[in-house]
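Trainee: Relevant sequence annotations retrieved from TrEMBL are reproduced here:
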| type | residues | note |
| --- | --- | --- |
| COMPBIAS | 1-12 | compositional bias 'Polar residues' |
| REGION | 1-27 | region 'Disordered' |
| REGION | 184-216 | region 'Disordered' |
| COMPBIAS | 190-204 | compositional bias 'Basic residues' |
| REPEAT | 321-362 | repeat 'WD' |
| REPEAT | 363-394 | repeat 'WD' |
| REGION | 399-432 | region 'Disordered' |
| COMPBIAS | 403-412 | compositional bias 'Low complexity' |
| REPEAT | 449-488 | repeat 'WD' |
| REPEAT | 524-546 | repeat 'WD' |
| REPEAT | 547-586 | repeat 'WD' |
| REPEAT | 624-655 | repeat 'WD' |
């Protein structure tokens with residue numbers, strides 16, 4: 001570095017070599033005296049400078065504490081106010097260099113926003129006066145000694161701004177100043193930037209803290225705690241949102257599974273219905289082939305079936321049978337072109353040929369009218385109010401005999417119905433006199449079962465096993481081969497154990513005590529006057545399950561593999577799920593339900609003066625109208641539906 005020169009007025013002349021020794025000694029003493037004076041003046045100036053520097057340090061500390069924007073310029077302005085001539089420039093340059101170092105952006109600890117840097121700067125300003133005083137004291141002593149010995153003052157350092165303006169010479173070493181700086185401070189060598197997370201933490205006041213300042217450390221920990229709480233709340237909110245989405249997905253999955261189960265159930269019903277239709281079609285084809293071979297007249301020509309030649313819509317009444325002069329209580333048929341048996345309160349049981357619509361005759365033997373019956377192929381079982389059960393074999397009936405009385409034509413049937421109505425009004429004995437024209441089919445009777453002490457109200461048989469329900473409050477199991485009763489089930493005991501006794505049972509109700517029953521192997525299902533559906537085990541004779549829901553006597557029921565369908569006086573039909581024991585569906589009507597029969601696709605209901613057809617797939621109702629009074633009994637076989645009612649007629653419908 002270049003040294004600045006001292007003005008000529010302050011220089012001391014060099015002694016010449018040829019002068020005498022006394023003169024040299026005087027010159028030394030004068031020089032020493034002058035050096036002492038200069039040292040005294042320097043000490044005074046130094047004391048003044050030190051006091052100014054102390055004041056400047058305190059000002060810098062106050063400015064840094066108050067957060068001024070440009071403390072460097074303020075320091076320079078304060079230095080101009082000092083009354084220092086010789087040392088003002090050096091002090092100004094020194095403080096300028098100090099402030100440049102302190103406030104330089106390359107400083108390891110930046111002052112702005114850094115509590116540690118501020119604390120360091122405050123310590124520096126406190127130490128500055130002592131450091132500066134020691135430095136200038138050494139400098140002044142050295143200058144005085146140099147002046148005394150050589151007559152010259154040592155060089156004074158150049159100001160920082162002038163030094164920075166000078167060209168930097170090429171160093172002899174291979175490592176430059178800036179390379180050494182990068183090696184010393186690697187954190188500032190990466191483009192002079194910190195990470196985003198570090199900058200964010202510095203902005204939020206999460207910098208390093210001084211271990212000697214507990215208040216700053218406490219504030220930093222509070223800020224860190226607040227940030228942590230905010231992040232925790234944010235995470236909790238995100239967890240809640242994700243959990244809500246998971247719940248929505250789970251609900252959607254459950255809904256789709258329910259739809260899948262429902263569609264699978266509907267598909268199973270359609271498949272079952274398809275199988276039934278295929279079986280029905282095969283049976284019809286077999287019967288058509290048999291009828292075509294067997295039914296020929298005397299001329300060898302095939303007989304014409306009246307309702308087979310036309311294609312009719314569902315619900316069309318194909319034929320109306322007249323002949324009974326009392327309420328038709330029950331009926332059954334074994335096929336669309338087979339045999340139909342009807343019973344009435346006129347105490348007659350009639351057999352009809354569905355091929356020719358002829359009445360083949362009546363079945364004698366019961367002393368009162370028949371309340372229930374079942375016809376399977378050629379086997380017929382009837383239960384009567386005379387407390388007996390009779391079994392019949394209709395295999396010997398010859399449908400083609402011309403000697404049998406025939407059913408009238410539609411026009412003749414209307415006149416015949418009017419004649420019946422008129423005669424019933426004029427003569428009470430018409431019902432008995434009308435039976436004189438019927439053939440008595442006494443050869444069809446096979447056996448009689450005695451054992452009930454009340455009216456037989458319902459029955460069901462399969463293979464050689466028969467079960468019957470009676471108003472004597474019992475259900476009996478019979479062996480049809482031997483005619484013996486093998487089991488009796490007490491309904492009163494079952495009602496007392498299930499607590500299903502109802503108030504309407506004490507109102508003198510004339511309803512049947514057992515409204516309906518059906519069994520399969522050892523499982524029996526019965527519906528009784530207390531409105532309950534009971535499941536029985538025929539091996540033990542005990543009731544093991546009760547389905548309560550009806551609010552009136554049960555009048556009819558039927559079950560399949562999955563459901564029980566029951567109807568009652570409470571004007572409703574209830575569809576029960578055998579797997580859960582709950583009610584799957586309720587159908588409400590305006591009149592009591594007297595009879596029903598169902599398959600996989602439809603439920604046929606006799607209620608009021610019309611037939612209600614409920615489609616189980618579309619869940620829609622359709623109605624067959626034609627009866628003029630309450631429908632008491634309905635039965636269907638394949639595509640033919642028969643109904644009988646209180647208008648004393650039996651109607652045949654296209655199903």
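Positions of Cβ are set from backbone N, Cα and C atoms, glycine also.
Each of these features: where is it, how hidden is it, and who are its neighbours?
Mentor: Residues 326, 329-334, 339, 341, 343-347, 349-351, 440-442, 444-450, 452-461, 466, 468, 470, 472, 478, 480, 512 of the same chain lie 6 or more positions beyond the ends of the repeat 'WD' (363-394) yet place their CB under 8 Å from a CB of it.
Per-residue pLDDT, averaged over the repeat 'WD' (449-488), rounds to 95.
Residues 467, 469, 475, 477, 487-489, 491, 494-495, 497-498, 500-502, 505, 509, 511-518, 552-557, 559, 564, 566, 568, 570, 576, 581 of the same chain sit 6 or more residues outside the repeat 'WD' (524-546) yet have a Cβ under 8 Å from a Cβ within it.
Long-range neighbours of the repeat 'WD' (547-586) within the same chain, counting only residues 6 or more positions beyond its ends whose Cβ lies under 8 Å from a Cβ of the stretch, are 498, 500, 504, 509, 511-512, 515-518, 520, 525-535, 592-598, 600, 603, 605, 607, 614.
Sequence-distant contacts of the repeat 'WD' (624-655), counting only residues of its own chain at least 6 positions beyond either end whose CB sits under 8 Å from a CB of the stretch, comprise 280, 283-284, 307, 312-322, 324-336, 338, 340, 342, 344, 352, 354, 417, 420, 591, 594-597, 604-611, 613.
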Trainee: Please work out the helix, strand and coil residue numbers for the repeat 'WD' (449-488) from the DSSP assignment.
Mentor: 0 helix, 26 strand, 14 coil
Trainee: With DSSP as the yardstick, break the repeat 'WD' (524-546) down into helix, strand and coil residue counts.
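Mentor: Helix (H, G, I), strand (E, B), coil: 0 helix, 16 strand, 7 coil.
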Trainee: Give me the DSSP three-state residue breakdown of the repeat 'WD' (321-362), ordered helix, strand, coil.
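Mentor: Residue counts in helix, strand and coil order: 0 helix, 23 strand, 19 coil.
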